[in-house]
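Here's the structure we're looking at; comments come further down.
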């Protein structure tokens, strides 16, 4: 036993050192004070940021799932007649994924993307894998990052249309 523990074996809590009438429990706090208003504003800002982060995580999960489904679809290619149908279906799936990526871009509009990169990285990695696999099956060559990035350039019409819905 250390000298702080006393004879009972338990340490006293810090608030036990103060008499009950000196504790700060239940004191009225002026909710219109500048400090409280500042903290309220910080709370709202942090809540908004956390909500945005969670929306991005959900979108990233959706991107990951759809990209994985596309990869599994592409694994089914076994013959030449079957190949065109599967490639067409995979292109439709990847277009859906691009729409999710557009939603991510809209969420990040005006934000520092680096604050949210952990929320979206896994989805984007899976998308790159799906696009790379599809490109390899089509051309028997590797796709460059520039080609992938070109697929993710959205027109102002696409951006505005999605923003209104």
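FYI, residue positions are counted from 1 along the chain as it appears here.
Here the Cβ of each residue, glycine as well, is placed from N, Cα and C on the backbone.
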Stretch carrying region 'Disordered' according to TrEMBL (options 1-32, 33-64): 1-32
All-chain count of other Cβ atoms within 10 Å of residue 129 (Mg(2+) binding site): 15
